[in-house]
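What follows is a set of notes on a single structure, which appears directly below.
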């Protein structure tokens, strides 16, 4: 269970008693538990979505759900999206792009990326009926965390140090967790939402694959920021597909 708590503490801001999940060796073994953490978040978000949609107008429910999806990770992945947009769309040499991504200040491209992703999430969620709204609340966080593992399996980590460096002791060992993540996401999509949800899952997978290709072309692999950006992209595309 120590590895699960490590994955929980890395992917969420929900505190654990007794300082669990803080050991580096537990975090290094936690990658297979990312999809399970995503599943727990998905169940929580689906419950909140049902409450929001029952008592609130569709637009307000969509805004609150988007806020909850953002809050559960403390904006960690959205920050990665902003940093990735600033760096990768800067048309600079590789090393300069990596420096820009390390900079804590947000630029114009980062602001545009955040605004567009949040607007598209809210717009997509507000257009769904009650059943699909709850389904989206379930599949979005699960899709984001599962495809993050897949993204890690197909891209080498290019920083010597960083938040995600512990997950890359042996890149080939990421393939089995990636397969497990895909199987869980497939089962949840098919049995939870049928053909439409499965198509949305496949489109999300395609979007993340294109993002991985773009990252490899621009900087030669992945950073923690690009992995977080991929999570946000997967969530957004899943919502749009449903």
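Numbers here mean position along the shown chain, with the first residue as 1.
Positions of Cβ are set from backbone N, Cα and C atoms, glycine also.
Caution: TrEMBL annotation is automatic and unverified by curators.
Keep in mind the model is a prediction, meaning the values are calculated, not measured.
Listed in TrEMBL for this protein:
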TRANSMEM  31-52  transmembrane segment
TRANSMEM  59-78  transmembrane segment
TRANSMEM  106-126  transmembrane segment
TRANSMEM  133-154  transmembrane segment
TRANSMEM  174-191  transmembrane segment
TRANSMEM  198-214  transmembrane segment
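Ranked by the number of CB pairs under 8 Å to the transmembrane segment (174-191), the listed stretches 31-52, 59-78, 106-126, 133-154, 198-214 are led by 133-154. Against the transmembrane segment (198-214), stretch 133-154 shows more Cβ pairs under 8 Å than any other of 31-52, 59-78, 106-126, 133-154. Residues 11-14, 41, 44-45, 48-49, 52-53, 114, 117-118, 121-123, 125-126, 133, 137, 140-141, 144, 228-229, 231-232, 235 of the same chain sit 6 or more residues outside the transmembrane segment (59-78) yet have a Cβ under 8 Å from a Cβ within it.
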